[in-house]
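*Asks:* Take a look at what TrEMBL says about it:
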COMPBIAS  34-43  compositional bias 'Pro residues'
COMPBIAS  44-62  compositional bias 'Low complexity'
DOMAIN    113-166  domain 'TRAF-type'
DOMAIN    168-219  domain 'TRAF-type'
DOMAIN    221-279  domain 'TRAF-type'
REGION    19-69  region 'Disordered'
ZN_FING   113-166  zinc finger
ZN_FING   168-219  zinc finger
ZN_FING   221-279  zinc finger
Amino acid sequence: MVRSLSQWTKTLSFPARISPNRNSKDCSVNVLPITPPPAPPRNKPATSTTTCSSSNSSTMSSPSPPPNVPITEISQIIYPDPESEKAIMGSLVFCIHHKQGCKWSDELRKLKAHLNTCKHDAIPCPNKCGSQIPRVMMTDHLAFTCILRRAICEFCNVEFTGLGLEEHAGTCSSEPMYCESKCGARVVRGRMSIHRAKDCSKRLRRCPHCSREFSADTLSAHGATCPRSPVPCPQRCDAGPMARADLDSHLRDECKALSVPCSFKDAGCRFKGPRHLLEAH
């Protein structure tokens, strides 16, 4: 990644052994020089001592660079003479990405070349998606997160861009998914509506006798106890099938094949036979 002088020398970290502040592990140093002290008031004459001090201060420190100055002129302000440039560029510094894990440390003049290969330095995505990605993360970015990468849907084998694949992921008709009715079946999205209408064990079905709705897997159990389900007479009389709820009254009052005792059984009569013979008895 190409940087201007002001970008890659903006803040540098120096090893503690050469840092002016020896109590800290890292020392962030601004390369730009210190602003010179203010000039003495005009209403008082400057003494020779003041003049000498001001002259020495002006010699030791360079003026601050004005805004919007070209990089070449800033370089001349930062390095007022070859000796200053040699001293500054020979300073030992850490990589600007040392907090991200880079262990590089060398002279300042070698920093720019190091950043061209530093795995923690961000570079433009080669797919031109607009992202700046550290080199160490570029492989994962190209494989999984770049919106302009080419990717194939694992279910329908159609190729998309990374962004298109994310939008397609929730709509692919070939993607298997669990039934929304929680029957436990996995069905491709394109056949889900057919499954829920015809095959799902949790779909609702109406009982043909009582018109109540039950899930398909419980309808047969309901049919064995449904009060409106037709059942034959257990005595095999001539009456046809009747609702289960009416069976007790039929056996009690109407069934001609049911054996009933004589109404005078308490008096000692032991007759017991079909209802139509009881009247003749």
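Glycine is no exception: its Cβ is also placed from the backbone N, Cα and C atoms.
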*Asks:* Helix, strand, coil residue numbers for the zinc finger (221-279) per DSSP?
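*Replies:* For the zinc finger (221-279), the helix, strand and coil counts are 21 helix, 10 strand, 28 coil.
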*Asks:* Give the mean pLDDT for the domain 'TRAF-type' (221-279) on the 0 to 100 scale.
*Replies:* 83
